[in-house]
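Visitor: Below is the structure I would like to discuss, written out as C-alpha cells.
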Amino acid sequence: MGDSEMAVFGAAAPYLRKSEKERLEAQTRPFDLKKDVFVPDDKQEFVKAKIVSREGGKVTAETEYGKTVTVKEDQVMQQNPPKFDKIEDMAMLTFLHEPAVLYNLKDRYGSWMIYTYSGLFCVTVNPYKWLPVYTPEVVAAYRGKKRSEAPPHIFSISDNAYQYMLTDRENQSILITGESGAGKTVNTKRVIQYFAVIAAIGDRSKKDQSPGKGTLEDQIIQANPALEAFGNAKTVRNDNSSRFGKFIRIHFGATGKLASADIETYLLEKSRVIFQLKAERDYHIFYQILSNKKPELLDMLLITNNPYDYAFISQGETTVASIDDAEELMATDNAFDVLGFTSEEKNSMYKLTGAIMHFGNMKFKLKQREEQAEPDGTEEADKSAYLMGLNSADLLKGLCHPRVKVGNEYVTKGQNVQQVIYATGALAKAVYERMFNWMVTRINATLETKQPRQYFIGVLDIAGFEIFDFNSFEQLCINFTNEKLQQFFNHHMFVLEQEEYKKEGIEWTFIDFGMDLQACIDLIEKPMGIMSILEEECMFPKATDMTFKAKLFDNHLGKSANFQKPRNIKGKPEAHFSLIHYAGIVDYNIIGWLQKNKDPLNETVVGLYQKSSLKLLSTLFANYAGADAPIEKGKGKAKKGSSFQTVSALHRENLNKLMTNLRSTHPHFVRCIIPNETKSPGVMDNPLVMHQLRCNGVLEGIRICRKGFPNRILYGDFRQRYRILNPAAIPEGQFIDSRKGAEKLLSSLDIDHNQYKFGHTKVFFKAGLLGLLEEMRDERLSRIITRIQAQSRGVLARMEYKKLLERRDSLLVIQWNIRAFMGVKNWPWMKLYFKIKPLLKSAEREKEMASMKEEFTRLKEALEKSEARRKELEEKMVSLLQEKNDLQLQVQAEQDNLADAEERCDQLIKNKIQLEAKVKEMNERLEDEEEMNAELTAKKRKLEDECSELKRDIDDLELTLAKVEKEKHATENKVKNLTEEMAGLDEIIAKLTKEKKALQEAHQQALDDLQAEEDKVNTLTKAKVKLEQQVDDLEGSLEQEKKVRMDLERAKRKLEGDLKLTQESIMDLENDKQQLDERLKKKDFELNALNARIEDEQALGSQLQKKLKELQARIEELEEELEAERTARAKVEKLRSDLSRELEEISERLEEAGGATSVQIEMNKKREAEFQKMRRDLEEATLQHEATAAALRKKHADSVAELGEQIDNLQRVKQKLEKEKSEFKLELDDVTSNMEQIIKAKANLEKMCRTLEDQMNEHRSKAEETQRSVNDLTSQRAKLQTENGELSRQLDEKEALISQLTRGKLTYTQQLEDLKRQLEEEVKAKNALAHALQSARHDCDLLREQYEEETEAKAELQRVLSKANSEVAQWRTKYETDAIQRTEELEEAKKKLAQRLQEAEEAVEAVNAKCSSLEKTKHRLQNEIEDLMVDVERSNAAAAALDKKQRNFDKILAEWKQKYEESQSELESSQKEARSLSTELFKLKNAYEESLEHLETFKRENKNLQEEISDLTEQLGSSGKTIHELEKVRKQLEAEKMELQSALEEAEASLEHEEGKILRAQLEFNQIKAEIERKLAEKDEEMEQAKRNHLRVVDSLQTSLDAETRSRNEALRVKKKMEGDLNEMEIQLSHANRMAAEAQKQVKSLQSLLKDTQIQLDDAVRANDDLKENIAIVERRNNLLQAELEELRAVVEQTERSRKLAEQELIETSERVQLLHSQNTSLINQKKKMDADLSQLQTEVEEAVQECRNAEEKAKKAITDAAMMAEELKKEQDTSAHLERMKKNMEQTIKDLQHRLDEAEQIALKGGKKQLQKLEARVRELENELEAEQKRNAESVKGMRKSERRIKELTYQTEEDRKNLLRLQDLVDKLQLKVKAYKRQAEEAEEQANTNLSKFRKVQHELDEAEERADIAESQVNKLRAKSRDIGTKGLNEE
C-alpha cells in the first residue's frame, strides 16, 4: 500500500505505516550481516553492536554506545537486514529472537506506530498520549479490509473477526490481555465502538426503545461507564485500571446487524473495598458520590463530602488529576438511565455503597475483664442499618455475638475485636461483590433484546500474567488463568500454522504445543494438585497455612518438575514455594490462603441481610447457603457440609466455562504492553517490555514459530528478488514457471536443503535462512557493482588517455610549424611574399563583390517570386482546409447515419431471432410442461403408495418397539428377582449343569435349523415381494395405458379432422417421404437406446432398493446393540448406586465411630470428593461407550472392576479405622496413599469389576436358561396362536373389502363404457350438424355474391340502354334540322340507327329476360336461405343443447372418474395390505413349523434325560401335557405346511408364466407408447416449424405483394372503371375465401392465410397481364359470369339435396371448433403480433436500405472530392519539391557567397570594413528571410501531409461504406433464400402429416392388440389371486 493508498486514513496515516521515503532510506542504510548483532546488556537487556573479533568461542563487540564487551558466542544474536526495519508482522523477521522483537517494537513505538502483528498476535504499546487513529475516518478506512490490505490496528482485528463471522458462519472471540495500565480497557472500548458503528441496527431499535432508554448501540457503549464506576480504580501504573476481567459477547443477526449483548465478569478485586496502598485508591464510585455533584445523594446516604471521614476509602489517595469525579458521576448516572435502571434500583445501589462507607467507621472495644468485643458507639451502625434496611441492634448483636450451630443446636459465640473487624470487612466485601455481580446481571437483562441472534463476537478483557515480589493467592488464580489461555493460544496458533503447511502440501509431523503447558496446569487443577489440596485443607478446622505447605511439599516436591522450593533472598518478602510457568518462575507466599479461599461470612448477619427491607440487599443474599445450611429432603447426608463453594472452586468453574466458550469460537489475540512505569510518552523501558513479552506469550509464540517455517514468500516475488544469486539457473529468453524457477534457483545454491520447503503457492523457510539469502544477495550485488565501477573507471581512464595523446600530437604539429616559421620569417623573399599576397587578394575580392551584387539582385527577384508563390499557396491551403473540414463533416455524418442504419439492422435481426427463439421456446416449454405434468402425476401416485407403505412400516416398527420395551422391562424385573434368588439357586445350578450342556447342544442345533429355515423363508419372501411389486407396476402401467388410450382416441379424432383438411396438399408432400422414413429409423434407433438406458436405470434402482433394505436391517441391528449397551449401562449405574450407598454407610459408621470431630468431617469430605471424581470418570466412560460399541464394552468392564476393587479397599480401610482408632491420624495418611494407588490402578480395578460382572451374569444365565427354554416355547406358541387368529380375521376383512371393491369397479367400468358410447354418439351427431351448418353458410355466401354480381350487370345494361336512347334523340333532332341537305345521309344513318336500335332492343330484351330469371332465382334463393336460416337456428339450438348436455356429461364423467380412481387406489392399497399380510402369514407359519420341529427335538431329548431332570419336572409342572398338545398342533401344521407348499409352488409357477407374458406385453406396450409419443412430438415440432416457416413466407410474400400492388396500380390507372369493378369482385372473393377458411381450416389457420396471400398474388399477376388486353378480359368476365350463374343454379339444387348431410357435418365441425378454438385464437394473436413486428421490421429494413443508398451516393461524392484533393495535393507536392530545389540552390549560393566573403575580408581588411558590414547585415537579413521561408515551407509540407493522410482516411471510410452496403444486400438475398426454404419446409410438413397419419393407424391397431393382451393378463392375475385366497381360506378353515 503506497502513500496514495494510505491517504484514505487521513491524519492517521503517519501513525499506521511508514512512508515510501522512510522505507527507501531504511533499505539504503549501511549494513553488514556478519558483523551487526545484538549482545546482552545488564540495563538494556540487549543492545546493538558490531563484532570486532572472534576467539575461542567468545566474541568481542563494540556496542552502539561505544562500549567494548566480550560475550559467549551463543549469546550473540544477528540483526535483521534493513528491509525488515519496522516490519508490521514480526513473524516475518528472518532472525526471530527476543532482541529482534524488542527493537522492532521499540523502533515502531518511536515512530508512534503502536500496533504490530506477531503472527496471530496483535501487540499494542500504550502511547500515553492521544493519537488520531480512532476517528470515524479510520473506522471507514478499515471496514471490509483484509488483514494484509491495511496496517496493523485493533480495528483490523475487529473487522476481520466480523467478516469471518459473516463468511464462515462461526462465532468469534477477541482476547485482550496485558498488565494494568497497558491499555486493555481502551482497546476493549475501541472494539465495541467499531462493532457499534459497522453493525448498527438503525431505526429498528429506536422504534422499540422505551422512554428513557437508548438504542442497543448506546446501551452497549454505556455499559462501560457503569462497569468502570464500580469496577475500576486508580493503581500505581494506571489511573483507570480495571480490577476485574470481563468477557463481553456481542450477538449479531444472520445479516450482521446487532441483536443483543451480554457480559461475564471474573476475579473482581474485592479486597480493594476495604484496603488500598498509599499510591492507589478505592473504586471510583465512592469518590464520585462524594464529589457533591448531586447533593441529594449526600443527604440520602447520610454522608459528608470529605473522603477522609471514611476509613475504608481513605487509606491511599483520594483524588486523581486525570479524572473529574463530578463529571464521571453524571456519566455513571446517565449510563444507568440509558441502560434502563429504575430510580429505585439506582438509589438502592447508592445506599449500599454508602452503607459500606459507614461500615468502615464502626468501632468496637473489649469488655472489661473479658476478651469479648462490644460496640464503641452506635451512630455509624445506626446509619448503616438504616441504609441497609436492618435493625441496628440486631446488626451489632450479630457482629459481636453471632450464633453458631454445634451439633443440632445453635449457641451464641463471643467474638474479640479483631474477629469482629475482620467480619465487618468480609461483610462489606461480600455486599460490594454481590452488588457488582447483580449490576452485571441487570445490564445483561437490558442488553438481551427479543431480536433473533445467530452469531456472537466475544471480547475478553482480563489481566495478564503477574510476577511481583510478593505473589499471593490472587496472583496464582490470574497466572493459572493465563496459563490456560496461553495453552489455548499455543494449540490454536500452531494448529492454524500446521493447517497452512497441510494446505500448501508440505510434509509435516503434527506437534501439539498445547501440551507443553499441561504439566503446570495439572499441577494446579488436577486431583491432589495445589487447588485440590487447598480445598481439602479448608475442610479441616484445625488446618493452617503451614499444614497446607507441608502437604504441598509432601505431594509435589521432587515429584513434579514444575514445583520447586524457593530461594529466599534478603530484602525480599518470604516465599513458600515456586512454580515454573511458561512466563518464568514465580515465588508464592501462602499466608492467608486458607482464609481467602474459604472467604467465611458472619452467617447471623447474612440472615439479617436476607430479611432486609431493602429489596436489593435481600435479593443479593437470597441464595446464600453456608456450611451449616439445612439439608434438603431427599438428598441424604452426602450434601452435609458441602453446600458452600470455595473461591478456588468457583474460579475453576468460571474458568472452565470461559474456556468452553472460547473453544467454540475462532479466536483473535491482542497483547497490550506497558512501555514504562512513569507514564512517559515515547519512552520504552527494555527490561519491563521484555518481562511482559515473556509473560503474555509473544516470545512463546516466537518459540513455536521457530520450530516451523516462519518465513514464506510467493514464488513470483522470490524469483524476482533472488534471481540475481544465480541468473544461469533461470535463463532470460525462455519461459519457466515461477515454482520451477524457484526450485532450480534454490537447488543451485550452496545452502542446507532441509531449511526450506516448497508449497503450492509459496516457498517456506526456516528461521534465519532468509537472512542468509539476503546476505548472499548483498554480496552478489556488491560484486556486480564493484565490477561495473571497475569497468566504468577503465573506460573513463582510456578516454582521458586518448585526449592526452591527441593533445600531444596537436602540440607537436604547432611546435613544428612555429619552428619552421621562425626559420624562414627573416628571408627576403618571405618578406616580399608577405607584402604582395594581400594585394592579390584585394583584386580577386573586387571581382567577387561584383559577382555577388549580381547574384544578390537575382536572389532578391527570386525571393519576391517565391513570396508571391507562397501567398498563393497559403490562400489555396486555406481553401483546401475549408473543403477538407466540410468533407470531414460530411463523412462524419455519413458514418453516423451508416452506424445508425447498421445498428437498427442488427437490432431488427436480433429482435427477429429473439422472437423466433421465444416462439420455439414457448412451444418447447408447453411440451415440457405437459410431459412434466404427466410425470409428476405418476410420481405423485407412486409417492402416495410409498408413503402409505412407509406409514405401515412405521406402525409395525412402533409396535415392535413397544414389544421390545415391554420385554425389556420384563427382563429387568426378572433380573431383579433372579438376583434376589441367586443365593438359593446356587445349589440348583450345580445339579442342572449337566442338563444345561445337553440343552445347549440341542438349542444350538435348533438354532442352526431355525436359521436355515429363516434363510429359505427370506428368499421366498423376497421372490414373492418382487413378483407382487411387478404385478403392482403392471397394474399401474395398465391404468396409465388406459388413460393414454383415451388421450390417443381424442388425438385420433382430432387427427381425422385434420386429415380432411390436409388431403388437398397430400400429393405435394409425397416427394420427401423417403427422407422422413430415414429420420424415423434414426429416431427408432435412438428410442431403443433410450429404452436400454431406462432398463439399466431401473436395474440400478432395484439394486439401490436392495441396498437400502440391507442398510435398514443393519440399522435395526445397531439399535439392538445400542439397547443392549444401554441395559448394561443401567446395570453399571445400579452397581454404582449400590457402591455409593455402601460408601455412605461406611461414612456413617466412621461418623458414629469418631463422633462429630473435625477429622471425621474431613474424611467425609474427602470420601465425597473421591466419590464425585469417580462419578465424573464413570460418566466420561459412559459417554465413550455410546461412541463405539467395542470401547463401550471394554470400559464397562474396567469401570465395574474398578468399583469392585474400590469396595474391597474401602472395606479394608473401614476395618483399619475400627481397629486402630487411637492411631487415626497415621491411618488417615495411609488411606490417602491408598487412594492415590487406587487412582493409579484404575484400569486393573475396572478389569476385576468386569470379571465380577461376568461371573454374576453366568450365575444368572444358569438360573434362567432352564426356565426360559420351556417358558419361551409356551409363550411363543400362545403368541403365535393369537397372532394367527388376528391375522386370519384381518385377512378375511381385507378379502371381503377386495371383493366389494372389485364389484364396485366392474359396475363403474360398465357405466363408464356406456357413458363413453353415448358421448361418442353425441359427438358424432354434433359434428355432422356443425358441418352441415358450415356448408350451408358457405353456399349462402356464394349465392349472395352471385346475386350481387347479376344486379351490377343489370345496372350496367340499363346504363347502356339509356345511353343508346339519348343517342337516338340526338340523331332525331339532327335529322329534323338537316332533313333537306342530308336526306341520303339520314337514310343511311336511319338504317344504321335502326339496325343498332334493333340490336339494343334485342340486348335489352335479353337483359330483361336475364333479369327476370335472376329475380326468380333471387326469390327462390331468398326462400331457401330463409329455410336454411331456420334450419341453422334449429341446429344452433340443438348444438347448444348438446353442448350443455355434453358439459353435464363431462362433469358426471369426471366425478365417476375421480370415484373410480379413488376406488382403484383403495383397491391397490388393500391388495398391498393383503399381500403383506399373506407374506407375514407365511412367515409366521414357517416360524410356527420350525418351533414345532424344535419342540419335537426337545421332546426326544427330554425322554432321554427323564431320569436326570426329576427335580425339574416338579418345577415345570405341566410341561409334559403342553408338549403333547404342541405335538398335535405340530402335526396339523405340518400337514398344512405341505398343502401350502404345494399351493405356493403352483402359484409361483403360474406367476412366473404370467410374469413372462406381462413383461412381454409391457415391453411391447412401452415400445408402442414410446413410438407414439416420439411421433407425436415430431409431429408437434414439425407443425411448429411449419408455422414459423409460414410466418416467414407470409412476410416475404407481403413484400412481393406490395411491389405487385404498385405495378398493378400503375396499370389500373388506364381503366379506372374496370379496376373498380375488379377490386370489388376481388374484395368479395377474398371475403368469401376468409369465411370459408375460418369455417373449414381453423387448425391450419396460418396455412390458409398463406394460401389466401398466394391467391391474392396470383390474382394481382393475372390482373397485370389481363389489363393489357382490356376488351378480351371484359368479354371473358361476362362469359364466366354467365357460366357461374348456371353453375350457381345447379349448386342451389345440389345444396337442397345435401342439406341433411350438412347438418351432420355441422355437428362435427362445431366440436372441432370448440376443441381448436383456444389454440387458434392464441396462434392468431401471435400471428397478428408477429405480422405487426415483421411489417415494422420490413419498413425499418427499407429505411436502412434507403439510407445505405444515400450513404453510397455520398461516398461517391466523397471519392470524387478526394480525387480532386489528391490532384491538388500532387500539385502542392510538385511546388514543394520546386521550393526545396530552390532552397538547396540558395544554400549553395550562400555557401559560395560566404566563401567569397571570407576572401574579401582578407583582401579588404583595411578599406572595406563599412562595405563589409553592410554586406554582412544584408546577408543576415537574407538568412533570416531564408529561415522564415524554410519554416513556412515546412509548415506547408506538414499541412500537405495531414491533408494526404486525411484523404487516405476518407478513401478507406468510403471503401468500408461500400462493403457495408454489399453486406446489407447479401443479407437481403439470404433472407429471401430463407423465405423460399421455409416454403419448401411447409410443403414437407404437410407431406409428413400424411405419413404420420398412416403410422398412427398402424400404432392404433397395435395399441388395440396390446390392450387385449393386457386384459387377458389382468384376468389371469385375478384368477391367481382368487386361487391364492381360496388356498388361504382353506388353510385357515383346517386350522
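Placement of Cβ uses the backbone N, Cα and C atoms for every residue, glycine included.
Just so it is clear, the model here is predicted, and its values are computed rather than measured.
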Visitor: Between 1588-1616, 1878-1906, 1907-1935, which stretch does Swiss-Prot give the note region 'Disordered'?
Guide: 1907-1935
Visitor: What range among 471-493, 655-677, 678-700, 701-723 does Swiss-Prot describe as region 'Actin-binding'?
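Guide: My reading of Swiss-Prot: the region 'Actin-binding' range is 655-677.
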Visitor: Need the matching range: Swiss-Prot marks region 'Actin-binding' on one of 532-546, 757-771, 1237-1251, and I'd like to know which.
Guide: 757-771
Visitor: Inside 10 Å of the Cβ of Gly181 (ATP binding site), count up the other Cβ atoms and send me the figure.
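Guide: Gly181 (ATP binding site) is surrounded by 22 other Cβ atoms within 10 Å.
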Visitor: Gly178, Gly183: which of these binding-site residues has the highest Cβ count within 10 Å of its own Cβ?
Guide: Gly178
Visitor: Other than its own, how many Cβ atoms are within 10 Å of the Cβ belonging to Thr185 (ATP binding site)?
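Guide: Excluding its own Cβ, Thr185 (ATP binding site) sees 24 Cβ atoms within 10 Å.
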Visitor: Excluding Gly178, Glu179, Ser180, Gly181, Ala182, Gly183, Lys184, Thr185 themselves, which residues in that chain have a Cβ inside 8 Å of the centre of the Cβ atoms defining the ATP site?
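Guide: Apart from Gly178, Glu179, Ser180, Gly181, Ala182, Gly183, Lys184, Thr185, the close residues are Asn126, Arg237, Asn238, Ser241, Gly464, Cys672, Ile674.
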Visitor: Determine which residues of the chain contact the region 'Actin-binding' (757-771) at the Cβ level, with the cut-off under 8 Å and only residues 6 or more beyond its ends counted.
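Guide: Distal contacts: 33, 78, 80-81, 94-96, 501, 503-507, 705-706, 709-715, 718, 739, 742-743, 746, 751.
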Visitor: Give the sequence-ordered list of residues that share a chain with Glu179 (ATP binding site), lie 6 or more positions from it, and have CB atoms under 8 Å from its CB.
Guide: Arg237, Ala463, Gly464, Glu466, Cys672, Ile674, Gln692, Cys695
Visitor: In angstrom units, rounded to an integer, how far apart are the Cα atoms of Ala182 (ATP binding site) and Thr378 (phosphothreonine)?
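Guide: Their Cα atoms are separated by 45 Å.
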Visitor: Take the region 'Actin-binding' (655-677) and find every residue of the same chain, 6 or more past its ends, with a Cβ under 8 Å from one of its Cβ atoms.
Guide: 105, 109, 118, 120-126, 128, 154, 157, 160-161, 164, 168, 170-184, 187, 236-237, 247, 249, 264, 266, 458, 460, 464, 480-481, 484-485, 488-489, 492, 683-685, 688-689, 692-693, 696-698
Visitor: Taking the Cα atoms as reference points, how far is Lys184 (ATP binding site) from Ser1137 (phosphoserine) in Å?
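Guide: Roughly 50 Å, rounded to the nearest whole number.
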Visitor: Under a three-state reduction of DSSP output, how is Thr185 (ATP binding site) classified: helix, strand, or coil?
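Guide: Note: Thr185 (ATP binding site) is helical by DSSP.
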Visitor: Enumerate same-chain residues with a sequence separation of six or more from Ser180 (ATP binding site) and a Cβ-Cβ distance below 8 A; give 'none' if the list is empty.
Guide: Thr235, Arg237, Asn238, Ser241, Ser242, Ala463, Ile674
Visitor: Minimum Cβ neighbour count within 10 Å among the modified residues Thr378, Ser1137: which residue?
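Guide: Taking Thr378, Ser1137 as the modified residues, the minimal 10 Å Cβ count falls on Ser1137.
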Visitor: How many Å lie between the Cα of Thr378 (phosphothreonine) and the Cα of Ser1137 (phosphoserine)?
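Guide: Cα to Cα, Thr378 (phosphothreonine) and Ser1137 (phosphoserine) are separated by 55 Å.
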Visitor: Which of the three DSSP-derived classes (helix, strand, coil) applies to Gly178 (ATP binding site)?
Guide: strand
Visitor: Taking the Cβ of Lys184 (ATP binding site) as the centre, count every other Cβ atom within 10 Å, in any protein chain shown.
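Guide: Excluding its own Cβ, the number within 10 Å is 28.
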Visitor: Please report the distance from the Cα of Gly181 (ATP binding site) to the Cα of Ser1137 (phosphoserine), rounded to the nearest angstrom.
Guide: 53
